[in-house]
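Note sheet for the following structure.
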Ligand SMILES: NC(=O)c1ccc[n+]([C@@H]2O[C@H](COP(=O)([O-])OP(=O)(O)OC[C@H]3O[C@@H](n4cnc5c(N)ncnc54)[C@H](OP(=O)(O)O)[C@@H]3O)[C@@H](O)[C@H]2O)c1
C-alpha cells in the first residue's frame, strides 16, 4: 500500500466568499509525498515535460527547481531528456533530492531491448539511476515491420521481468506502467511478480476523472499519476472555465489551475501539470486542501458528465488500447 506523507503547503489563509456565503480557512493539509512499496517517497506534484520544446524545456526545469519542484516526469519519446538532464546538472539541487521518472517506449518492450533503452535515457538525463521507470503504453511494437507483437502486448510479463532485473541492478528504484486498464493490471499481477507495479500513469482530469480505476488502484496499493491533469493543450481553457472550478477559485482566492491541481492531490493521486511558462510553473505548485464541501462539489461535477478522453493515440492497431 502507499501511504500519504507529510502535510503541505503554503497559500492564502483566507478568505470570505460572497458568492458561497461562508468563510474558508485553507490551512494546508495536502500530502507533499506518497510512500511507495519500496519505501521511497514520491513528491505529489511533478513538472510534466511532454511537448516542451527544445530551448523551452530546460528553462521550465530550471524554473521548476527554483520554485521547489523535486519531481520531473520525462520519457524517451519526448525527445528532450538531454536538455532536461543539462538543466538538472546546472542546478544546485542534488540528484538524490530530485525524483526523476522516464518511460520505456513501445518499440523497446522485447526483453533484450529494455536495458539499452534505459541506458540511453540514463545517459541523456545524466544520471546512473531513475527513481521510476514506466512502461509507457501497453503496446509492444515490432522492429520487423509487422507493427506490433500481439503476444507480448497481451502478456508483458517478459518485459516486466526485465524491469525487475533493472531494479535489482540498482538502475531503477521503482517500476510502473502507464495507460493500463484494470484488466491489464490484473493480467500482469496474476504472474509471480517480484515487484508489483508501483504506479499507473493515466489520463485524469475534470473531463475524464476515472473514479473506478482510482478506487481499484487505492484498494490494490497502486498509486495513480494523473497526466493531462488540466485537460491537456486542447482542453486546458475549458477546464479553467468550469463553473465549479471558477467558484472555488473565487471562494479561496486561488487560481482555477490551482483548484484543479489541488483537487487531484486531494483525490490521492500524483499530478503532472506541464508548463513551459515560468509564472505558471510557479503557480501550479501552490496547492492547498479544498474544504470538503467544495471538493465534493467539484468531484460530483466531474463525475456527472459523460467521460471524455483528451488523448487517444491514432496508431493502426486492431484493439482498444485502453481496454
Ligand atoms: N504517460 C502518458 O502517456 C502521458 C500522456 C500525456 C501526458 N503525460 C505527462 O503528463 C504531463 C501533462 O500532460 P499534458 O501536457 O498533456 O497536459 P496538461 O498539463 O493538462 O496541460 C498542459 C497545457 O496547460 C497549459 N498550462 C499549464 N499550466 C497552466 C496554468 N496555470 N494556467 C493556464 N494554462 C496552463 C500549458 O501551457 P504552457 O506550457 O504554454 O504554459 C499547456 O498548454 C505531460 O507533460 C507528461 O509528462 C503522460
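Every residue, even glycine, has its Cβ placed from backbone N, Cα and C.
Keep in mind the model is a prediction, meaning the values are calculated, not measured.
As given in TrEMBL:
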type	residues	note
ACT_SITE	78	active site, proton donor
BINDING	136	substrate binding site
DOMAIN	50-301	domain 'NADP-dependent oxidoreductase'
SITE	103	site 'Lowers pKa of active site Tyr'
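Sequence features annotated in TrEMBL and their locations in the structure.
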residue: 78; record: active site, proton donor; DSSP class: helix
residue: 103; record: site 'Lowers pKa of active site Tyr'; DSSP class: strand
residue: 136; record: substrate binding site; DSSP class: coil
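Averaged over the domain 'NADP-dependent oxidoreductase' (50-301), the predicted model has a pLDDT of 97. Neighbour count (other Cβ atoms within 10 Å of the Cβ, all protein chains): 20 for the residue listed as 'active site, proton donor'. For the pair the residue listed as 'substrate binding site' and residue 103 (site 'Lowers pKa of active site Tyr'), the Cα-Cα distance reads 5 Å. Counted over every protein chain shown, other Cβ atoms within 10 Å are most numerous around 103 among the recorded positions 103, 136. Separating the Cα atoms of residue 103 (site 'Lowers pKa of active site Tyr') and residue 78 (active site, proton donor) is a whole-number distance of 9 Å.
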